[in-house]
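Remarks on the structure that follows.
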Amino acid sequence: MSDIKERKPENFIHNIIEKDLESQKYGDRVHTRFPPEPNGYLHIGHAKSICLNFTTAEKYHGKCNLRYDDTNPVKEDTEYVDSIEEDVKWLGFQWDERLWASDYFDEMYDCALELIKKGKAYVCDLSADQIREYRGTLKEPGKESPYRERPAEENLRIFEEMRQGKYRDGEKVLRAKIDMASPNMNMRDPVIYRIAHTEHHNTGDKWCIYPMYDFAHPIEDAIEGITHSICTLEFEDHRPLYDWVLREVGRWPQPPQQIEFARLNLTNTVMSKRYLKAMVDQGTVEGWDDPRMPTIAGIRRRGYTPEAVRDFCERIGVSKANSTVDSGLLEHCVREDLKTKVESRNVVENPIKVIITNYPEGKTELLSLENNREAPELGERTVPFSRELYVDGDDFMEVPVKKYFRLFPGNEVRFKGAYFIRCDRAVKNPDGSIKELLCSYDPQTRSGSGFEGRKVKGTIHWVDAASAVKIKIRNYDCLMKDDEEGGQSLNPDSLIETEGYAEPLLGEAKPGERFQFFRKGYYIADEKLTTEDEKVFNKIVGLKSSWKK
Ligand code: ATP
Ligand code: MG
């Protein structure tokens, strides 16, 4: 306890927990849970919830469960379950217990019987439309159902018949008897059980009645001994019902408490499993792990690191006010994390051939290049240099614009780690495009030789032509763009594939290996597409930040 008191709470949820620890509301216990519905892959919004629940438990030496909220009888997809576990582990967390809400169906049924016996729940024969009609509006109170005063014995009998399968879907429901005039619509006799003649992946055809979320969730939490049930803000209005269920069922002397925080929204990002699933099903993307997807699987394949995602979740903090976070901040966190971790490689796109006319034919020098200026411990590598090289298409202009310090006829630049090189003349193809640049080098200016002569303004990178390795590069932009009508539509340029020439070492890249392509950005050898013979790189993020503090 003492070390907890000394630590400053990091957010309002931790404030609540520390008060509870002080008053010993749950003794010294802190128990959270992450409760995904296994109906899709997790996205970056879920990462916020995962980080919050697991780090909160860690901080207070408590526990955090992974609980599948599978009270909805849809077909289980083991693919989703597997992906959820992989994602949580990838983020660096380990659950204390892995549980299924459907394992509590018996106890939930029992709780419902208890409410009926206490006169706190009744079977209602109104149709879904009628129930909606009777509910009233925010301005007007609702109307009581004609079935509201059914005697408990009758309710027990019919509820049992519902369970036995005597009725069709929607024919009857079980409702909590609360207050049809409540200003909180959720308290106007909400439905707590419905009939659904549907197989459940876990319980098979044992049940044809299923509990509703607002009834099931508090019971799940209570059964597991959860202390702080953290959820998103949309459930704030449901909290009175959460508390009502636990109070009226009355089995738990110190029931859990629900605490809401603002869900994560990101600019240019759609975060809804349903929408993401539609994109997968329609083939708009290559799958749940398409590197453009905001799913954890997608950003992992894109090359984001768990450290960066956790850093991001920490920076955005936890608040009670909904807002939209600039996705540039997430990219910033990725860049910050990779900055001192990965080695640099030379890669050129839209290559232009350079011939150093005064460099001996057939000669190759092995030059040393530093792997990461900001992390000298990453050492150096050797790179071949010879008479024919490639430079990046962006590093030459026939007619330079103002402040262009790279290659143009008559200008001298430093080839990084090599020599000063002057562009003497551009040779063109018949169609007017550039065939090659005839250049000359100054042997005195070799890097590291201590050459103190003239200075040049531009430094560019290069690749030795004879040993260059061809690679594929996949450049990504956001999937969705703001359109003219003020909505969002698919960005047709969200994936642009290019080819590049790389220094020979990159030919040995293993799937999942990350690099900085010098002056270009951070890249990862795609896990799925990279083979022994073909190297395919995902652009993780550019070098420059568009994100402003
Ligand atoms: P979606 O609306 O994207 O389908 P969901 O809320 O239905 O997501 P669940 O599987 O029910 O997905 O969510 C599991 C947990 O993750 C819940 O506690 C939920 O509050 C939380 N969560 C979901 N989306 C976000 C988000 N954008 N930001 C923070 N937490 C989120
Ligand atoms: Mg949900």
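Heads up, the Cβ atoms here are built off N, Cα and C, so glycines get one too.
Annotated features in TrEMBL:
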DOMAIN    30-339  domain 'Glutamyl/glutaminyl-tRNA synthetase class Ib catalytic'
MOTIF     36-46  motif ''HIGH' region'
BINDING   37-39, 43-49, Thr232, 263-264, 271-273  ATP binding site
BINDING   Asp69, Tyr213  L-glutamine binding site
MOTIF     270-274  motif ''KMSKS' region'
DOMAIN    347-442  domain 'Glutamyl/glutaminyl-tRNA synthetase class Ib anti-codon binding'
DOMAIN    459-526  domain 'tRNA synthetases class I (E and Q) anti-codon binding'
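Taken in sequence order, the binding-site residues His46, Lys48, Asp69, Thr232, Ser272 that lie near ligand 2, meaning a CB under 6 Å from one of its atoms, form an empty set.
Comparing Leu264 (ATP binding site) with Asp69 (L-glutamine binding site), their Cα atoms are 20 Å apart once rounded. There are 24 other CB atoms within 10 A of the CB of His46 (ATP binding site), with all protein chains counted. Ile44 (ATP binding site) sits 19 Å from Asp69 (L-glutamine binding site), taking the Cα positions as reference.
Within the same chain, residues at least six positions away from Glu37 (ATP binding site) with a Cβ under 8 Å of its Cβ are Tyr68, Asp69, Asp70, Asn72, Lys273. When other Cβ atoms within 10 Å of the Cβ of Ser272 (ATP binding site) are tallied across all protein chains shown, the result is 12. Within 10 Å of the Cβ of Lys48 (ATP binding site) there are 23 other Cβ atoms, across all protein chains. Cα of Thr232 (ATP binding site) to Cα of Tyr213 (L-glutamine binding site): a distance of 14 Å.
With respect to their backbone Cα atoms, Lys48 (ATP binding site) and Tyr213 (L-glutamine binding site) stand 22 Å from each other. Ranking the binding-site residues Asn39, His46, Ser272 by the distance of their Cα atoms from the Cα of Tyr213 (L-glutamine binding site) places Asn39 first.
The 6 Å Cβ screen around ligand 1 retains Glu37, Leu264, Ser272 from the binding-site residues Glu37, Ile44, Leu264, Ser272, ordered by sequence position. Mean predicted confidence for the motif ''KMSKS' region' (270-274): the pLDDT average there is 90. Each residue of the motif ''KMSKS' region' (270-274) gets a DSSP state, and the totals for helix, strand and coil are 2 helix, 0 strand, 3 coil. Counting neighbouring Cβ atoms within 10 Å of each of the binding-site residues (Asp69, Leu264), the lowest count belongs to Asp69.
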